[in-house]
Amino acid sequence: MARIAWYQEKIGAYDQQVWEKSLEQGMACKPKRSGHVKPDLIDVDLVRGSTFGKAKPDSPWTALTRKGLVRVLLFPFFFQWWIQVTSRSISTCILVLYFMQVAAAMLYVEVPAAIASEQLGPMCLMLLLGTVHCQIVSTESNRSPSVSPVSSSSTSPARRRRLRKGKGLKRTEGQVNDRDTELQPWQLEENQRLYRSEERRESSGGAKDTKVNPREVEHLRTEGSRPASDTDDTMWEDLLQGPDSASTGSSDSEGRYCPGLTLPPSTTLSSDDENLQQGQLSWLQACHPSRDRVSAIIWEQGECKKADMSVLEISGIILTRVKVVEQGMGYLALGGLVTATLVLLPFGFRLAQRLDMTRLSSLSLAELAVMAVGPPDAKTYAFLFITTVERLCLTGLFFFMMCVAERTYKQRLVFAKLFNHITSARKAKKSEIPHFRLKNVQNIKMWLSLRSFLKRRGPQRSVDVIVSSIFLLALSIAFILCTQLLKSHHTFLDSETNWELMVWGSSLILFLLRLATLGSETNCKYSNVSVLLTEQINLYLKMEKKPNKKENLNIVNNVLKLATKLMKELDTPFRLLGLTVNPLIYNITRVVILSAVSAVVSDLLGFNIRLWKIKP
């Protein structure tokens, strides 16, 4: 790459004119003065949703796929790495499955009744699951110890007070409190909030024993026991605390370490990461609770009250409402049903091939079992036992992973629904969330900030990796089935592999349709401009009642119109029915899969159909 860049500059020098050379020299010699970015203004990333960025891997997906395949194929040599990214018990179970897979590969040669799909199916599933997990945890190397999601320890409020007054939270050069570096993100935030409150009740009263608000203690207890919902948005809630928190962590006279805002001395960030965090912090400081707040209406025990709330506080209330929504078990049950079907399919296929329906009433259960399993043979039974266990564990794990993606998409939809309820008094009261109108420019800015923040809540890239893997697997199965139909459609149902692929394809299509529906509804909720149009009508109603404020209300009305246009222009990313898909995957779908389906349909109907030319 360096030689290419050098040659590019070399040949480009022959095209330069005098004015171009003088312009470059003039820019290099031009005097510069210090400047700053105004944090009270918004960027286009705020409306697009990329302001609250997520952790991304340094390597491209091709390199991550290659590393994942190597770490699965050579699993025993990377056993310690797998322990770090999962756990010792899970890694041990996968290691047992790995050696069982090796044993099944050795037995496959010696068992004549073995079918290739029974051996290759679990092997491909293990490779796929391992590669997907490697891509999900690929951001862990970029994460500082203070925001690492590996540890799940928690500390009580009394313990934190003792540590704070003792030597637990004090650090010397090159030392960090291990307890704080192992906390989860919400505990760091509450820990930091508790520190600030203690420093205020000490500065005013000077009491020896600092009293803590019982609500904060109860909140810490309940929040400390819940599992981590995402490994990506660990930094934003701390940054939203604003500059006073940053100064607390950096200029403490007692030398305390404030988690989440200042890095330990042993932790270093690259210049790119520091510049990125500084740029993001400059905008997030504009959403600091002491600066940008919105006067919102809240309902407590049926009474309507007003409170000045920030983006973080409103999103916290919405997050609480999202977590109390009951999640259905339908798709988890569907995954279990498909797993059981795929596990029992080889035995059912053998039984269907060997069973004589005329003698069904005279056959015993033992004879039916022999037909399904085969004649007594140690190697055959060992091979069937290993492949059955492999199918059960790996297939169940794969459908469990798909259920995680479905639950995440459903939570995104609930976030979007509650966000639409904010500007509606009736719906906000019913959903028990804050309510405010877009009656001034500041409220519009807060509304856009909240919209961007909620769109980025929860797992993002990790779930997209799972969905892309499901989509790729469905494409591969569809391509194989179309090929088999074109090859021999008369004997298509005589193959156990084809039956297995049809079960896989049908279940994957059901999950993909579910994800596509949820993604489409979520996209429509966030792109719904009816909220902005309703607020414009409200502004006109205010103009009639208060003609003296017509000029200010016109300004707000114009801002609402601009926000509507900007949302329409930016909320059109590359999606397939709201489902995030890589453009490469989309092109493969159109060219390869639709071509194969077109060939099958054309062969059955007798005339040519070109489905890849149909635009979505």
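One is the number of the first residue shown, and numbering goes on along the chain from there.
Even glycines carry a Cβ here, placed using N, Cα and C.
The domain 'PHTF1/2 N-terminal' annotation in TrEMBL covers 4-141. Residues annotated as transmembrane segment in TrEMBL: 64-83, 89-109, 331-352, 381-405, 465-486, 498-516. If you look up TrEMBL, you'll see 140-275 marked as region 'Disordered'. According to TrEMBL, the feature compositional bias 'Low complexity' maps to 141-157. Annotation source TrEMBL lists compositional bias 'Basic residues' at 158-169. The compositional bias 'Basic and acidic residues' annotation in TrEMBL covers 170-182, 190-224. Taken from TrEMBL, the feature compositional bias 'Polar residues' applies to 264-275.
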Which listed stretch (331-352, 381-405, 465-486, 498-516) has the most C-beta pairs under 8 A with the transmembrane segment (89-109)?
381-405
Most CB pairs under 8 Å with the transmembrane segment (381-405): which of 331-352, 465-486, 498-516?
331-352
Averaged over the domain 'PHTF1/2 N-terminal' (4-141), the pLDDT of the predicted model comes to 83
Going by DSSP, how much of the domain 'PHTF1/2 N-terminal' (4-141) is helix, how much is strand and how much is coil, in residues?
100 helix, 0 strand, 38 coil
